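TrEMBL annotations:
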- ASN39, LEU41, GLY66, GLU88, ASP114, ASN144: S-adenosyl-L-methionine binding site (BINDING)
- 46-237: domain 'Ribosomal RNA adenine methylase transferase N-terminal' (DOMAIN)
- 330-355: region 'Disordered' (REGION)
Amino acid sequence: FCLMAAPGKVAAFHLPPLPTVGEIIKLFRLKAQKQLSQNFLLDLRLTDKIVRQAGNLKNAHVCEVGPGPGGITRSILSAGVEELLLIEKDARFIPGLQMLSDAAPGKVRIVHGDILTYKMEKAFPKHLKKNWEDEPPNIHIIGNLPFSVSTPLIIKWLANVSKKDGPFIYGRTQMTLTFQKEVAERLVANPGGKQRSRLSIMSQHLCTVENCFVIPGEAFVPKPEVDVAVVHFTPLVQPKIEQPFELVEKVVRSVFQFRRKYCFRGIETLFPESGRLKRTEQLMMTANVDPTLRPCQLSMSQFRNLCNTYRKMCDEDPSLFVYNHREELKQKKKNKKSLLKSTNQPKQTDEEDQL
């Protein structure tokens, strides 16, 4: 690599001449796999634009999730990062990424592994750690995520934000990630919006979430059926709902279970059948939430009230938190089936009995 600098200016990092991303795809015969929902972004102007949303990456430590053929990787390296960690699940991409690593000696670490199981606690040097109340550390997570991974991964990372572990053990690590346009709209949806969902509450109560820009589907190879949006996350110093992640998620999931009905209907599922109505009324009355509001109409402060009140009820009756509405329904179904079986079973003949 070469360092070129104008007098009085900081030297900028430049990659040496390399095959284009398209040429690397041909060279290593890389084909996007539909079952892994892979879509390649070849336009370096767009990859540069994604990387710019992360902010100033000069001397930063960056983790790129699923670099694939390395389009965004080139843009990150050109931004002058100190170190770039690449986590790639698909072994076919490793040789092409190795070429980029060789072109930027000492800057790139390649891990062949799954981001959903990779231990991010040890991904970066310890000296980068900052207190949660301080400015975010000089660490960034960037990724053009496969659609099949994006939602479970952001939920996992939001749980990490809540517990201040995983990549957030270093402080309020920022993330710049791609999602299906519709998922991005859910992440940033305001109360009353038709895209308001569980994802809106879970992300916005823990992070500042910004929908940066939309990339049309035709910019990708192969072209997905939907457009893609770039979303930037910065964890909040103080979460808007100060309760454990699992409790908030349980309440929010229950509320949105029947999104077209009154919120009362979903909140009911937090309680066992015996005493359900009384407890639901108690929760809604104490939380000061109108039972005839639709789930998408509830504000963040109303969700906070619901979570705080439900927590008090769980403290008084610990069996409440482990109660699972779906398990109760399954058990009822099972009991009904076995009852029908026992009442409808015809008497066996002696011959059948012997058999």
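Glycine residues also receive a Cβ, built from the backbone N, Cα and C atoms like all the rest.
Comparing local CB density within 10 A for the binding-site residues GLU88, ASP114, the maximum falls on GLU88. When the binding-site residues ASN39, ASN144 are scored by other C-beta atoms within 10 Å, ASN144 scores highest. If you take the C-beta of GLY66 (S-adenosyl-L-methionine binding site) and look for same-chain residues 6 or more apart in sequence within under 8 angstroms, you find ILE87, GLU88, LYS89, ILE115, GLY143, ASN144, LEU145, PRO146, VAL149.
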